[in-house]
Amino acid sequence: MKELFSFEAEEIGPALDLVPLAARRALDHAGLRLPLEGWRSLSLEDRRRITRAGAEEIVDVPSVAAIVQQAYPPALPMPLGGDPSPDHLPEGLLLALPAGRAFDLRTWASLSGLARFSLVHCLRRASKRGDPSILAAALDVLAPEAAPQKADATSLSSHLGPRGDVRMVDVAEKAPSQRRAVAVARVRMRPETASRLARGDTPKGEVLATARIAGIMAAKRTPELIPMCHAIALTHVAIALDVDEAGARVTITASAEATDRTGVEMEAMVAASMAALTLYDMLKGIDREMVVEDVMLVEKSGGRSGHFRRKP
C-alpha cells in the first residue's frame, strides 16, 4: 500500500496499523475523524477498502461511512473536507520548496485530488516539524521533475517514432486505473429552430433522444474513427443536451468512463461531436445555417498525467 502515500516518520506497512493519507482523505470527504484505536478495530480488508476509496478521484463517501460505522471507538463528526483547489497553489508551498526545485500552477493543476491532498498534508507536517525532507520526499513521488529531453520527433508527440513515423503508443507497461473524461460541443441555430426543438415540433421526431443514442454509439466505435486510438472497454457513457432557447443553441455534454491503461478523452469528444452532427442532421430540413462549434475537452482524470480541468 506504499503507493497510496504515507510520507510519515514511520513506514506504513501492509498491515495498515497506521492511517495512510489516502484513507485520511476518504475520511475527510466523509466528514469523519477516526481515532487510531478505532482505525485498528476495523478488519484489514475494511482498512484497505477505505484506503482504496481515498485513492479514487471521486471518493465513494456512502461506502466509507458505512464501513466506519463498525469502528470502535466510533468516528466523530467533523466539517466535510475536500481536496485543495487545482486553481491556485497552496499558501507557503513555493517558499517551502527544496532549493532548485521548480514547481508551478500548471504542475499543481495536473495532479490528482489525492496528490494535492497529500502535498498539502506534507507541507503542514514539514512546517510543524521543521523538516523540509518530508515535503521533498512527497514531491519526488507525486510530482517528479521530468528529465530533459532532446527535441526529436518523439518529444513532440507520443504518436511519432524517432524518425517521425506514425505509431500506436504501447500502453502494455501501464497499470489499469479509473479514467474519466468530459467533453462539450455546441450547435448554434436560428431562434425559431431552438423554440421548435424545445417544444418537440420537428419534422424528424425525437431529435434529442436520437442525438443522445448517436453519441453513445460513436463513443464505443472511437477506435474505428480515430486511427491511433486503442480499443477501450468503456464502463459508462452519458450524453446530456441542454436546449437554450434564449441563446438559440444546444450545449452537448458527453462523459466517458473506463478502467483501462489509457484515457477516454477521445471517446468523450467523439461522443459530443457525433451527437452534435446528428442534431444537425435531424434539424437541417428547417435550418441549414446551424453551426457546430466549441468542441472541446473540459475535464479528465486518471492516469499518469493526473487531473485536468479547463478554466472558464
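Placement of Cβ uses the backbone N, Cα and C atoms for every residue, glycine included.
Nobody curates TrEMBL annotations by hand; they come from automatic prediction.
TrEMBL annotations:
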- 168-303: domain 'Molybdopterin cofactor biosynthesis C (MoaC)' (DOMAIN)
- M228, C229, H230, M266, E267: substrate binding site (BINDING)
- D281: active site (ACT_SITE)
Identify all same-chain residues not among M228, C229, H230, M266, E267 whose C-beta atom falls within 8 angstroms of the centroid of the substrate site's C-beta atoms; report them in sequence order. T222, P223, I226, I232, T262
Mean of pLDDT values spanning the domain 'Molybdopterin cofactor biosynthesis C (MoaC)' (168-303): 93
Least buried by Cβ count (within 10 Å) of the binding-site residues M228, C229, M266: M228
Measuring Cα to Cα, tell me the gap between C229 (substrate binding site) and the residue listed as 'active site' in whole angstrom. 26
Checked against DSSP, the composition of the domain 'Molybdopterin cofactor biosynthesis C (MoaC)' (168-303) is 45 helix, 46 strand, 45 coil
For the recorded positions E267, D281, the largest set of other C-beta atoms within 10 Å encircles the C-beta of E267
Inside 10 Å of the Cβ of H230 (substrate binding site), count up the other Cβ atoms and send me the figure. 16
Greatest CA-CA distance (Å) over the residues M228, C229, H230, M266, E267 that the record ties to substrate? 13
Cα-Cα separation of the residue listed as 'active site' and H230 (substrate binding site), in Å? 28
